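Student: Per TrEMBL, the features are:
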TRANSMEM  12-32  transmembrane segment
TRANSMEM  83-101  transmembrane segment
TRANSMEM  108-129  transmembrane segment
TRANSMEM  135-155  transmembrane segment
TRANSMEM  162-180  transmembrane segment
TRANSMEM  200-219  transmembrane segment
TRANSMEM  240-263  transmembrane segment
TRANSMEM  306-324  transmembrane segment
TRANSMEM  336-359  transmembrane segment
TRANSMEM  365-382  transmembrane segment
TRANSMEM  446-465  transmembrane segment
TRANSMEM  884-901  transmembrane segment
């Protein structure tokens with residue numbers, strides 16, 4: 001046993017260095033930065049905090065509580081297919097790490113997984129060098145560390161799901177070596193399938209890269225001199241066939257996930273694609289050189305910047321020498337020049353860049369494919385280093401000259417992410433490496449160790465500088481919010497087992513519903529079907545490509561989408577004057593909650609992040625409270641399915657008219673004519689000007705400052721004559737940078753990102769109270785388009801809701817993919833309307849008989865039905881999932897058969913794998 005262990009360390013110690021040096025380096029940096037569990041900072045910034053951490057909570061819930069939510073979830077907006085989301089965010093095999101951490105330790109799990117993945121990139125690259133290119137010793141470790149800690153990895157580690165591609169790419173390349181030299185494609189097919197399975201997006205980029213890389217390796221193959229030209233051509237064609245065949249099998253193995261994902265993409269990410277090629281350059285080519293400098297990064301480089309190309313001095317100098325290294329055939333080096341030219345152009349020319357990003361220009365994190373360029377440079381740098389006897393005088397001259405040119409160019413460019421100290425460090429490390437390569441012919445035994453240490457220090461310094469320029473979220477704030485949300489949601493779910501939705505007046509992220517496992521509406525992901533944001537944008541909500549924020553609901557939309565419970569911050573605006581501090585005595589729901597006992601530990605520094613002001617909560621029933629929040633029940637909430645007039649099937653969406661659209665929907669649901677008005681236009685009773693002059697037209701007003709350097713404001717007042725709800729439409733040209741808004745002297749909270757006409761809630765149960773909405777100008781002028789006050793007719797609303805509730809379904813069974821219940825359809829109802837997104841995956845049965853579903857409002861599921869009492873069943877089956885699994889099984893069988901056949905073949909073509 002002891003001899004086995006010694007033999008293992010003797011043979012694999014360079015691989016252990018390739019893994020543990022990045023592991024310890026990243027751990028040390030996190031300790032310095034105070035990243036949890038080493039401090040109160042966390043990695044949950046940008047998308048990792050706004051998306052991924054919530055999806056990881058959902059990942060745990062799927063495994064431990066509801067496996068059916070793998071296919072569908074009502075935590076994704078009003079509901080949505082989840083296979084596409086899994087394929088983009090969650091199918092990494094390394095995510096099993098999250099199953100071993102409790103829910104409240106997700107930030108620690110993320111830190112650990114990030115370090116683990118970065119370390120595995122070093123290990124996998126080292127394995128490629130050892131098994132594919134005869135690498136060993138400190139040289140193997142040095143280049144593996146360059147790959148593990150390259151600038152791309154450090155900068156993009158917050159996109160943790162992308163790191164799988166960096167781990168599997170070297171193993172795919174190893175598969176290509178075996179395919180070329182041994183005609184065995186099993187390794188290639190398996191790791192290609194794993195890459196596509198783990199993250200199809202990064203997998204797509206790798207597939208593009210592999211086409212050029214395979215040709216590069218094929219062109220560089222050397223054959224015995226006894227082979228004729230005809231035999232060489234035949235061998236090359238055979239290799240091309242094997243590559244194509246095993247690529248097809250690799251994709252086929254992942255088809256069980258890829259086919260339903262492709263179907264999902266047609267309605268989500270791919271649906272935003274507009275094929276318009278832009279043939280302009282993004283920046284002058286020489287500015288790309290700035291990314292070869294140590295620490296060339298700041299936060300502004302994340303939304304828009306240059307490709308991350310830092311790979312360390314040893315790798316970049318060795319790669320430069322590759323082109324003059326005669327150990328490699330001239331045809332191979334010419335091919336490398338062609339590929340590098342293509343890569344460089346792709347990292348600048350917008351049209352090529354779009355192709356690499358699956359025909360979509362990336363939003364944030366530009367040039368996401370640059371890791372394949374770094375891989376190409378580091379790998380060929382290693383091959384050059386291993387076949388290099390030392391720097392020749394001309395190579396030394398060019399290396400020193402290029403270092404000077406790069407640093408001088410960057411210095412003159414005045415890049416805000418490069419300081420003189422970074423240039424000095426870059427020059428020092430480059431000169432050190434150049435000197436070490438000059439004395440390489442002396443074969444000093446200590447030389448590989450010194451190169452390894454220099455590379456480790458250089459890559460570590462780069463990583464520390466990069467990560468020190470990120471802003472980190474406080475861990476205790478995340479934990480506090482998590483505790484607040486979990487407490488409130490569990491209190492509701494403990495007492496009410498029906499299906500309903502919950503919304504809030506505050507948020508940490510748009511995916512809070514995934515974090516705490518409850519049906520909601522707000523959502524953000526790259527795989528979000530576009531029809532739902534379109535619907536909610538037209539209804540007057542903040543939306544964008546891939547997100548919804550339920551921040552501007554009316555009492556009608558609250559009812560329509562079944563929002564039975566609302567959670568708000570403690571806010572005197574929502575409390576009626578006659579209410580005492582204690583909850584109403586006659587509330588039976590949640591009566592076991594002691595409102596006077598604080599549910600959350602006090603933390604005076606922590607504040608809930610508000611996203612809306614909602615006076616409508618005054619008309620809802622307060623049912624429980626904690627020291628930070630109040631829980632409300634909405635008596636108007638409709639069930640997830642209810643009887644409707646068939647007119648709802650013919651209602652078109654109307655852009656820019658949310659009030660009219662809501663009114664049309666209500667009238668269609670109950671079968672009333674368009675002359676029935678839910679919303680009544682109302683005038684303000686007075687307008688107060690402060691240092692402004694106004695130019696008005698119908699619902700369009702422009703207000704300009706009279707004295708530029710003094711405060712300016714315009715206030716609008718009205719006094720409700722009834723206790724009805726009042727709403728104000730506000731155009732999307734009014735943003736936070738244009739004006740600050742106050743309601744009766746209190747800041748009016750509005751989610752800041754929106755592109756459609758909004759519906760602001762100003763009053764409810766405020767009869768004879770003076771309501772003032774004030775706009776403080778932040779610029780020289782303010783334009784208020786489509787600025788109209790409306791009163792919701794409570795009588796019309798109540799009559800309609802009462803009628804619809806009579807035809808509401810009583811749900812007896814429900815899960816993420818299944819509903820069953822009883823419904824009594826009224827005589828004037830011909831459709832079972834649902835607040836579920838339309839999808840071909842939903843299959844309906846009425847009294848056990850399959851019924852074809854229909855689409856309402858261009859987005860929602862509806863089922864034809866007849867008056868009377870019925871049993872309704874809905875089941876969801878992911879489109880193309882079964883077909884994809886069949887393709888995967890067939891591909892696996894063909895791969896097995898191909899492997900068995902290849903084992904019988906004894907032909908081995910030798911290339912530089914055996915050099």
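Placement of Cβ uses the backbone N, Cα and C atoms for every residue, glycine included.
Help me picture where these features are in the structure shown.
Tutor: Proximity of distant same-chain residues to the transmembrane segment (12-32), defined by a Cβ-Cβ separation under 8 Å and at least 6 residues beyond the stretch ends, is recorded for 38-39, 111, 114-116, 118-123, 125-127, 130, 135-138, 140-141, 144-145, 148-149, 452, 456, 459-460, 463-464, 467.
Here the transmembrane segment (83-101) has Cβ contacts under 8 Å with residues 51-52, 55-56, 58-60, 63-64, 70-71, 76, 108-109, 112-113, 116-117, 120, 161, 164, 194, 197-201, 257-258, 260-261, 264-265, 268-269, 525-527, 878, 881 of the same chain, all six or more residues outside its ends.
Remote same-chain residues near the transmembrane segment (135-155) are listed as 14-15, 17-18, 21-22, 25-26, 118-119, 121-123, 125-126, 129, 163, 166, 170, 291, 296-297, 301-302, 308-312, 314-315, 370-371, 374-375, 378, 381-382, 385-386, 448-449, 451-452, 455-456, 459-460, 462-463, 466-467 (criterion: CB distance under 8 Å, separation of at least six residues from the stretch ends).
Sequence-distant neighbours of the transmembrane segment (162-180) (same chain, 6+ residues past either end, Cβ-Cβ under 8 Å): 92-94, 114, 117-118, 120-121, 124-125, 127-128, 131-133, 147, 152-153, 156, 186-192, 194-195, 198-199, 201-203, 205-206, 209-210, 213-214, 217-218, 221, 239, 242-243, 246, 368, 371-372, 375, 379, 909, 911, 913.
When Cβ-Cβ distances below 8 Å are used as the criterion, the transmembrane segment (200-219) is approached by residues 87-88, 161-162, 164-165, 168-169, 172-173, 176-177, 180, 192, 236, 239-240, 243, 247, 254, 257-258, 261, 329, 331-332, 335-336, 339, 342, 355-358, 368-369, 372, 375-376, 911 of the same chain, each at least six residues removed from its ends.
A Cβ distance under 8 Å defines the sequence-distant neighbours of the transmembrane segment (240-263), meaning residues of its chain 6+ beyond its ends; these are 81, 83-84, 86-88, 91, 175-176, 179, 183, 185, 188-193, 196-197, 200, 207, 210, 214, 218, 878-881, 883-885, 887-888, 890-892, 894-895, 898.
The list of residues near the transmembrane segment (306-324) in space but at least 6 beyond its ends in sequence, with Cβ under 8 angstroms from a Cβ of it, reads 142-143, 146-147, 149-152, 155-156, 283, 287-288, 290-294, 296-297, 333, 336-337, 347, 366-367, 370, 373-374, 377-378, 380-385, 388, 391-392, 394-395, 398-399, 402, 426, 429-430, 432-434, 437, 451, 454-455, 458-459, 462.
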